[in-house]
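**Q** From TrEMBL, here are the annotated features:
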ACT_SITE  A:246  active site, proton donor/acceptor
BINDING   A:159  Mn(2+) binding site
SITE      A:190  site 'Interaction with galactose moiety of substrate glycoprotein'
C-alpha cells in the first residue's frame with residue numbers, strides 16, 4: 001500500500017514536469033494584425049511628437065455592482081489622485097449609469113468619463129469586462145489624441161493594487177510596455193525578466209499559469225500607446241479566449257509577442273502592481289426593523 | 001412533514017427575536033476610568049488651544065507578515081498621501097522591524113514612525129493587534145503634543161478602505177468622535193444615527209453583531225484626542241475582551257458610553273470608511289526552477 005502511494009506520487013511529479021515542458025514549447029499563435037509591421041514602421045505610423053506638450057494616461061476600468069464596489073472605487077480613486085495626468089474611463093456593466101458610480105466619480109476629483117455597457121448575458125460567466133473594455137476603446141477612438149499630445153492606455157481593474165509610481169513608468173511608453181505583477185496566476189509574481197547586463201532587453205517571462213500563452217501576463221501588466229487603437233481600428237477584446245484577453249488585444253495592436261514590449265519598473269526589477277481581490281463580506285440575515293444605510297452612494 | 005418544517009421555521013424566528021430583544025437590554029458595563037468626569041471637566045483637563053497652530057492625525061496601524069501585506073500597505077499609503085496632516089505610526093507584529101515594511105514606509109513619503117511589538121504567543125489567535133496598538137499608544141505618550149498644537153488618534157487597520165475625507169472629519173474632534181462604517185459586523189453598515197432635527201446629537205446606534213456592546217462599533221469608527229492618553233496614563237487594549245476592544249480603550253479614556261462621542265461624517269449620514277478584507281491569493285505549488293521575485297520589498 002505504502003509503495004503504491006509513492007509510485008503515484010513519483011508518477012504525478014514526472015507527469016507534471018512532462019506537461020510543463022511540453023506546454024512551454026507549444027505556443028498556439030494568436031491571429032495578429034496584418035500587414036505585419038516592424039517596430040520602426042509602427043513607430044513611424046504612430047508618429048508621436050518628440051516632446052509632447054502633454055501626456056495623458058487613460059485608465060480604463062470596467063466595474064460591476066457588488067457589495068464592495070463603492071469601497072474598491074474609492075480606494076482606486078485615492079491611488080489615481082496621487083498622479084495628475086490621469087483620465088479615468090469607468091465603464092459599468094449595467095443597463096444604465098448608476099448613482100453609486102456617478103457620485104463616487106463626481107466626489108473623487110480625478111478627470112473622468114462615465115460610460116456603461118452590459119455584458120452579453122450568455123458570455124457573462126465566461127469572460128467579464130470585454131464589453132466594458134471595448135466600450136472604453138470605442139470612446140478612445142472617438143476622442144483622438146491632439147497632434148502635439150501623447151496618450152497611453154492602461155486597463156485597470158477596480159480591485160487591484162497600484163503603486164502610484166506605475167503610472168509614471170507608463171508615461172515613457174513608446175508603443176507598448178510591460179512590468180511584473182504581484183500575486184497573480186497562482187504565483188507570487190508573473191511577468192518580464194530582463195538581461196542583468198541590459199535592463200532594456202526582455203529575455204524571458206516568468207509564470208506558472210498557462211505558460212504557453214504568447215503574452216504570458218495579466219491585464220494589469222501592460223500599457224499601450226493610444227494612437228495604436230486608431231491605427232488598428234478593428235482591434236478589440238472578445239468573449240471566447242478566456243484567460244488570454246491580454247494576447248487578444250495586443251496581437252491585434254501590432255505586437256507579435258510579449259518580447260515586443262518595452263520593459264518598465266526598473267527593467268522589470270520592481271513590483272508596483274498587485275492582482276488583489278477584495279473579500280465579499282458576510283452579510284447576516286436579520287429579522288426585525290433594519291436601519292437603512294446612510295447615503296451609501 | 002411539511003408542517004414540521006414550518007413549525008421549526010416559526011419557532012426559530014420567535015427564538016431569534018427573543019434573543020435579540022433580550023440581548024439589547026443586557027449591557028454589561030465596562031470598567032471605566034475613575035473618577036467619572038463630565039464632558040466639560042474633561043474638556044477643561046485636555047485644555048486644547050482654541051486655534052491650534054497645527055493639528056496632526058496619528059494613524060496607528062498594526063500590521064503582520066502575510067502575502068498581501070505589501071499591497072495593503074501601499075494602498076493605505078496612497079490614501080494617506082491625499083491628506084497632509086497625517087503622522088503614520090506603523091507597528092509590526094514581529095520580533096524586529098522588517099525590510100519590507102521599512103522600504104514601503106520610506107518610499108511612501110507620508111511622515112511615519114516604524115515600531116514593532118510581538119503579540120503574546122498564547123493570545124495571538126484570540127485578539128490580534130492589541131500589543132501593537134499599545135506600543136503605538138506608548139509612543140504617543142512619550143511624544144506629548146506641543147502646547148499650541150492639537151493631535152487626534154485613529155486606529156486604522158491596513159486592509160480597510162478609507163475615503164480621504166474621513167481624516168478631515170477627524171480634525172474637529174474635541175474629545176472623541178464617531179461615524180458609520182460600511183460592510184462590518186455582518187451588516188451593510190454599523191454605527192451612529194443622529195436626530196434628523198439635530199445632526200449633532202446621536203440618538204441611536206445600528207448594528208446586528210453583539211448589539212449589547214456599550215460601544216457598538218468597529219475600531220475604524222472612532223477617533224480620540226491624543227491628550228486623553230496622557231490624561232489617563234494607564235489606558236490600554238487588553239487580550240481578553242475579544243470583539244469589544246473599542247469599548248475597552250474608550251471606557252478607560254473617560255467615555256461612559258458611545259453616546260458621549262461627537263457625530264461626524266455629516267451627522268453620521270455618510271459612509272466614508274469600509275471594513276474591507278483582502279483575499280489571500282491562491283499560490284500553486286510548483287516543481288522546477290522558480291524565478292525569484294524582483295525586489296519584492
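Placed from the backbone N, Cα and C atoms, the Cβ positions cover glycine too.
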**Q** Mind giving me a neighbour count for residue A:246 (active site, proton donor/acceptor)? Other Cβ atoms within 10 Å of its Cβ, every protein chain shown.
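**A** Step by step: centre on the Cβ of residue A:246 (active site, proton donor/acceptor), count other Cβ atoms within 10 Å, giving 24.
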**Q** For the residue listed as 'active site, proton donor/acceptor' and residue A:159 (Mn(2+) binding site), what Cα-Cα distance in Å is obtained after rounding to a whole number?
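**A** Pair distance, Cα basis, whole Å: 18 Å.
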**Q** If you draw a 10 Å sphere around the Cβ of residue A:159 (Mn(2+) binding site), how many other Cβ atoms fall inside it, taking every protein chain shown into account?
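**A** Its Cβ has 22 other Cβ atoms within 10 Å.
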**Q** Name, in order along the sequence, the recorded positions among A:159, A:190, A:246 with a Cβ closer than 8 Å to any chain B Cβ.
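**A** Out of A:159, A:190, A:246, none lie under 8 Å of chain B.
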**Q** What three-state class does DSSP give residue A:159 (Mn(2+) binding site)?
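**A** For residue A:159 (Mn(2+) binding site) - judged by DSSP and reduced to three states - the answer is coil.
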**Q** Using the alpha carbons only, what distance in Å do you get between residue A:190 (site 'Interaction with galactose moiety of substrate glycoprotein') and the residue listed as 'Mn(2+) binding site' once rounded?
**A** 18
**Q** Quick one: give me the count of other CB atoms within 10 A of the CB of residue A:190 (site 'Interaction with galactose moiety of substrate glycoprotein').
**A** 25
**Q** What does DSSP say about residue A:190 (site 'Interaction with galactose moiety of substrate glycoprotein'): helix, strand or coil?
**A** strand
